[in-house]
Amino acid sequence: EYCGESCYLIPCFTPGCYCVSRQCVNKN
């Protein structure tokens, strides 16, 4: 699900979240 942050030029700060299509998501 969406983690509430974007990641176009910066990494995801929320633990467990990763970048998919410029959005930070997790596996849930």
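Any Cβ shown, glycine's included, is placed from N, Cα and C.
Residues or ranges marked as disulfide bond in Swiss-Prot (evidence: sequence analysis): CYS3-CYS17, CYS7-CYS19, CYS12-CYS24.
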What three-state class does DSSP give CYS24 (disulfide bond)? strand
Please compare the disulfide-bonded residues CYS12, CYS17, CYS19, CYS24 by how many other CB atoms fall within 10 Å of each one's CB, and tell me which has the fewest. CYS19
DSSP on CYS7 (disulfide bond), three-state: which is it? coil
